[in-house]
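Quick look at what Swiss-Prot annotates:
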- Cys11, Cys14, Cys17, Cys58: [4Fe-4S] cluster 1 binding site (BINDING)
- Cys21, Cys48, Cys51, Cys54: [4Fe-4S] cluster 2 binding site (BINDING)
- 2-31: domain '4Fe-4S ferredoxin-type 1' (DOMAIN)
- 39-68: domain '4Fe-4S ferredoxin-type 2' (DOMAIN)
Amino acid sequence: MSHSVRVYDTCIGCTQCVRACPCDVLEMVPWDGCKAGQIASAPRAEDCIGCKRCETACPTDFLSVRVYLGSETTRSLGLTY
C-alpha cells in the first residue's frame, strides 16, 4: 500500500526529518521562503514505509512533514494544504 508524504510551507529547513528517515525518502531543496534557504522535499515517496519518524523529528508546532497512510488523505483528516 502506498503512502503519501506532504511537506508544508511551515518547514524551517532544519533537516531533522531528512536525517530521521530510514528509507531516504526526503531531501532538502533550495527555497527562499525560510531563513535556512531550503525546504524538505519527498521525491521518493513511493519508498515510504509509513514509520512517521519524519513527523516525530519535526520541531515545528504544526508538523511540516506529514505522512498519510494508505487511504488517509488531507481531506479525510480535515486538513488543507
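A Cβ is built for glycine as well, from the same backbone N, Cα and C atoms used for every other residue.
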Item to complete: Note down the number of other Cβ atoms within 10 Å of the Cβ of Cys48 ([4Fe-4S] cluster 2 binding site), including every protein chain shown.
Response: 21
Item to complete: Around the Cβ of Cys14 ([4Fe-4S] cluster 1 binding site), how many other Cβ atoms lie within 10 Å? Please give the count over every shown protein chain.
Response: 18
Discussion item. Can you give me the average pLDDT across the domain '4Fe-4S ferredoxin-type 1' (2-31), rounded to a whole number?
Written reply: 90
Discussion item. Please report the Cα separation of Cys51 ([4Fe-4S] cluster 2 binding site) and Cys17 ([4Fe-4S] cluster 1 binding site) in Å, rounded to an integer.
Written reply: 12
Practice prompt. Going by DSSP, give the three-state secondary structure for Cys14 ([4Fe-4S] cluster 1 binding site).
Written response: coil
Practice prompt. Tell me, if you would, which residue among Cys11, Cys17, Cys21, Cys51, Cys58 (binding-site residues) has the fewest other CB atoms within 10 Å in the structure shown?
Written response: Cys51
Worksheet item: Counting distance between Cα atoms, which of the binding-site residues Cys14, Cys17, Cys58 is nearest Cys48 ([4Fe-4S] cluster 2 binding site)?
Response: Cys17
Discussion item. Below 8 Å Cβ to Cβ and six or more residues apart, same chain only. Which residues does that give for Cys54 ([4Fe-4S] cluster 2 binding site)?
Written reply: Val5, Cys17, Val18, Ala20, Cys21, Val25, Leu26, Ala40, Val65, Val67
Worksheet item: Residues near the [4Fe-4S] cluster 2 site, Cys21, Cys48, Cys51, Cys54 excluded, by Cβ within 8 Å of the Cβ center?
Response: Val5, Cys17, Ala20, Pro22, Cys23, Val25, Leu26, Ile49, Gly50, Lys52, Arg53, Glu55, Val67
